[in-house]
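**Student:** One structure is given below, represented as structure tokens, and several questions about it will come after.
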Amino acid sequence: GAPRAPRLGRAGPRGCCCLRSCWRRTQTDRSGARRRLASAELQGSELQGTVHDTQGRSPTYQLDSRGRLVLAEAQVGDERDYVCVVRAGAAGTAEATARLSVFAKPEATEVSPNRGTLSVMEDSAQPIATCNSLNGNPAPQITWYRDGQRLEVPVEMNPEGYMTTRTVREASGLLSLTSTLYLRLHKADRDASFHCAAHYSLPAGHHGRLDSPTFRLTLHYPTEHVQFWVGSPSTTAGWVREGDSVQLVCRGDGSPSPEYTFFRLQDKQEEVLNINLEGNLTLVGVHRGQSGTYGCRVEDYDAAEDVQLSQTLELHVAYLDPLELSAREELSLALNSSTAVNCSVQGLPSPALRWTKDSVPLGDGPTLSLSPVTFDSAGTYTCEAFMPTVPLLSRTRSFELLVQGSPELRAEETERKAESSWREGDEATLICSARSYPEPKLLWSQPGGSPAEPVPGRQGWVSSSLTLKVTSALSQDGVSCEASNPHGSSRHVFHFGTVAPQTPQAGVAVMAVAVSVGLLLLVVAAFYCMRRKGRPGCCRRREKGAPPPGEPELSHSGSERPEQTGLLMGGASGGARGGSGGFGDEC
């Protein structure tokens, strides 16, 4: 790692080497020989330092102003004892030793697991993994863990497990440690997680730890148990529906995955269906003939002799045939008659039957009784077959009941009033509703009735309405509505009782209308006379005289008045002539 500041070990009794006289610092190498590295002498009030031997170190040794030895950028090679020697002339010589330790944090811990398949049937320890901690100082220690728990394994060979270690000094002077773990494996180790950790030292008595990534082992172990079941879809009772695709699943607990043989037992003979490594068999679109005994066998030749490697199960295919009804899809019955309709079906397991009418439940069982039949009985009847133990397996069949008979009629007024409360000119809306089969026709005794239309929310009913003014004539005869079909007819008469005359306000209104019409006629007559002014004798009164030449003389009866005669003549001739002996207006 990066150079670190050196840690000085225990020095002499005084802890530093400072005397006001000449003194030297020397180095003790690994062989015990001393080499003088530097010295310092007091000259006047200052120390004069000299480096004698650099030992090939870069950067070189240095002495500071107080005569202390400085090792810049500490290196692993600096790790040794340093001796300070002080010479004080006649006073003699003294020395003290300081031990320098250099610490380097190792690189990230690496682990190389055994990628092969390890057998649990081996009776000795097998190599599990190798752990490396590189370039540290001092040399780290390696420990092993299984599922987070430290493995206490010896360094001596042992059948149950041990580990070996090897330390290498790199060219840099740093140390690398390699450890290999050996274990005797068991089936329980198939899901175990392993890793190693490097423990290293730091200055001031501190320690660090670097963990490797975790790893798992691939084990070979024989089958001990075999399971065989019906996969989805299936019911809790083990039934599958006819037409579904069914999956049979077989699993042995050996590793690696063994070979699976699927078969069907027929007359105690095995009919092999499939052999694969997945342990799955899919039966596509099963039918009732595929019900029976199916088996699975695990082909594991390493298994113990007492292990049951074959398993069987019973496959039950549920089926439901189409329903049959004793009635046709459209059943027509006379009003007030009786009948019974039977529903039958074949299936396994035994199906249940229930009846509904227009989605309303009627009852359970194969027979539907209808007695007596009314118009309310008409509708759609459905027989449903289902299996409580096999969800979603059901069938239905329906028929339509038509009730034939004379129409049933209902009548109502939108504004019902008590008899004698109607007045001349009141408006009334009459409604007739009827039902029957065939559909009835609705006829009114008065014109203006609407076409018959179905009544919303009332099955089988049709209705027609008639809006009219109430008159005294209607109060005598009433208004009738008739519903008819080939089976008969029904009739209803709406009565209004005594119809009161219009109120005075109503009479004044009628009189005002009559006067207005009369004035309009006078205006038209005056306009006509003005158009006739240009003709001789128009709107002119004259005396009676002889008729113009060429015209015959008219005779008059004693009962006719001359004025009337003149008017008749004028009206007959279309001209301006008057009768003899009188006056008349030709206009």
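Backbone N, Cα and C define each Cβ position, glycine as well.
Taken from TrEMBL, the feature domain 'Ig-like' applies to 106-216, 233-314, 322-400, 407-500. Residues annotated as transmembrane segment in TrEMBL: 508-530. Per TrEMBL, region 'Disordered' is recorded for 538-587. Marked as compositional bias 'Gly residues' by TrEMBL: 568-587.
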**Student:** In the domain 'Ig-like' (233-314), how many residues does DSSP assign to helix, to strand and to coil?
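**Tutor:** Going through the domain 'Ig-like' (233-314) residue by residue, I get 3 helix, 44 strand, 35 coil.
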**Student:** Looking only at the domain 'Ig-like' (407-500), what are its DSSP counts of helix, strand and coil residues?
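**Tutor:** Helix (H, G, I), strand (E, B), coil: 6 helix, 46 strand, 42 coil.
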**Student:** Within the domain 'Ig-like' (322-400), how many residues are helix, strand or coil going by DSSP?
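**Tutor:** For the domain 'Ig-like' (322-400), the helix, strand and coil counts are 3 helix, 45 strand, 31 coil.
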**Student:** Let's see if you can do this one: DSSP helix, strand and coil counts over the domain 'Ig-like' (106-216), in that order.
**Tutor:** 8 helix, 59 strand, 44 coil
